[in-house]
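Feature annotations, reproduced from TrEMBL:
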DISULFID  Cys62-Cys75  disulfide bond
DISULFID  Cys87-Cys102  disulfide bond
DISULFID  Cys132-Cys147  disulfide bond
DOMAIN    47-84  domain 'TNFR-Cys'
DOMAIN    86-130  domain 'TNFR-Cys'
DOMAIN    131-170  domain 'TNFR-Cys'
DOMAIN    317-400  domain 'Death'
REPEAT    47-84  repeat 'TNFR-Cys'
REPEAT    86-130  repeat 'TNFR-Cys'
REPEAT    131-170  repeat 'TNFR-Cys'
TRANSMEM  214-236  transmembrane segment
Amino acid sequence: MVPLGLCPVLVATFVLTLTPQAWTKYALGEAAIPDAQSQGNKSKVIACSRGEYPHPAGTHCCNRCHKGTYVAKHCSRPGQATKCNDCPSGEFTAMDNALTRCHQCQACYLGPWFDQVERTPCTVEEDTVCGCRDNYYQTQQSTTFSCKKCSLCHNGSILQSCSKLRDTVCTCSSGFFLNKNNCQPCSSCIEKECKTVCTPMEPVHTTSRPPLPYVTPVLITLIIILGFGFVLLLAVKRIKQFLGTELSSPWYSSCVSPKQPKKQPVPEVVVHEYKVNNRLLETPPKEEVIPENAVSAGQELPDCVNAARMTRLPDDPAVLYTVVDSVPPLRWKEFVRLLGLSDFVIDRVELERRPIREAQYEMLRQWRLRMGHNATVECISCVLNQMELSGCSEAVQEALPRQP
C-alpha cells in the first residue's frame, strides 16, 4: 500500500514527465486528448481535419488560431469559431496553433563572452534572430553560441573564406606551420606535429649566406663603373664620327682635291711631237700644250680633277635650292654622304628641321661651310655621275652659272 501522502508527489512527477510532449502534439492537433469523463486507462481519440485541433474535453474539433495569435477561448460546439487574441509585446507564435498562450521572445547574449548581435527583432509572428557581426562566426548551432573573429591568415593565404558557422581555412607559406588556424614561424616549432611540416625548411635556415652588407656596395660600384664606361665610349664614338668622318668619303678623294699627286698619262702624240723638235730632255711638256682632241676616249680625265675649271658653289639660297631640286629625294642621303657629309650632321639636321626640303637645304649649306673652297659645282657633278645620275648632273651644270 502506498501512503496517501505520497499520491500527490507521484501524480506531479508523472505529469511533469509526460506533459510537454503531449501538449505539443495537442497544440498541433495530432494527439489523442484524454476524455475528462473516462476513468484512468480509457481515452477518447478524435480525428480532426487540417487546421483544427481537438477540444480539451475530447467531444469535438475547433479551428486553430493563426500565427501571431493564441487561443483565448475554445469553441463550445462544432462549427463555432475559436476565439483568438494577438500575442502581447515580447511574445510570439510562429505557426497556426492551439496554444492558450504565446511563446516568450528570446534575448540575444550581448555580453563580452558571447558577443552576439540582434539581427532581426522579435515580432508577434517570429522570434528574435541573433547572430554575429561582420568578419565573425558562430562557434556552435544553438541559442547560447558565442562569436569569434575570423582568422586573417597572416603569413599564409586563404583556402576557404570565413562563413556563418565556420572560421577561415588558412594555408601557410613556406617556412611557417599552422597552429590554431594561425601561421607560426618554423623557428618556434616545438611539438612533433609541426616538425613534420618544418623539416624541409631547416636546411634553408642553417645554410650560410654571403654577407650581403659587403656584397651590395661592390655590385653597385661595378654597375656605376660599367655604366660610366659605356657612356664614355658612346661619347668618344660620337666625337670621332663628328671630327674624323666628314672628309672620309671615297668619292670625295677622287672628285674634290685639285692638287692630287697622281701623275697624268702623257699622250703619245705629244711625246712624238717633242721628239721631232729635239726638245724632250731640254723642256718638259707643259700642261697647256696638250690639246683636248689629242686624248683618247679611254684616257679622258674627269672634269673635277682639272683645277682650272673648278667653280666654287656660291652662297646663294637660289643656287642651293636648285641643287636640292635636281637630286631625287629618295637618293638625297646617298648624295650628301658621297659628298663627304657625316651621318652625325645628317641626323642632327633631320632632328632640327622637320620639312624635307629645308632639311636638304641645310645639309647642303653645312657641306659648303665645311668644305670651303673645295665646295665646287664640279664636285657635285662628279658625285652625281658616280651615282649614275648624269641627267641630274647636266641639269645642275645648266642651272648654275660658272663663277670667275
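Yeah, the Cβs are placed from backbone N, Cα and C, and that goes for glycine too.
Keep in mind that TrEMBL annotations are predicted by a computer and have not been checked by a curator.
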Point to revise | Inter-residue Cα distance where the pair is Cys102 (disulfide bond) and Cys147 (disulfide bond), in Å | key: 29
Check your understanding: What does DSSP call Cys62 (disulfide bond) in the simple three-state scheme?
Key -> strand
Study note, to complete from the structure: In the domain 'TNFR-Cys' (86-130), averaged pLDDT is 92
Revision key, fill the gap. Rounding to whole Å, the Cα atoms of Cys132 (disulfide bond) and Cys102 (disulfide bond) are apart by 27
Review point. Got a sec? Which of these disulfide-bonded residues, Cys62, Cys147, has the most Cβ atoms within 10 Å?
Key: Cys62
Practice item. For Cys132 (disulfide bond), name the DSSP secondary structure in the helix/strand/coil scheme. Key: coil
Check your understanding: For the disulfide-bonded residues listed here (Cys75, Cys87, Cys102, Cys132), which one has the lowest count of neighbouring CB atoms within 10 Å of its own CB?
Key -> Cys75
Exercise for review: Give the distance between the Cα atoms of Cys75 (disulfide bond) and Cys87 (disulfide bond), rounded to the nearest whole Å.
Suggested key: 19
Point to revise | Within-chain partners of the repeat 'TNFR-Cys' (86-130) [C-beta distance under 8 Å, separation at least 6 from its ends] | key: 26-29, 51, 53, 62, 64-72, 136, 143-148
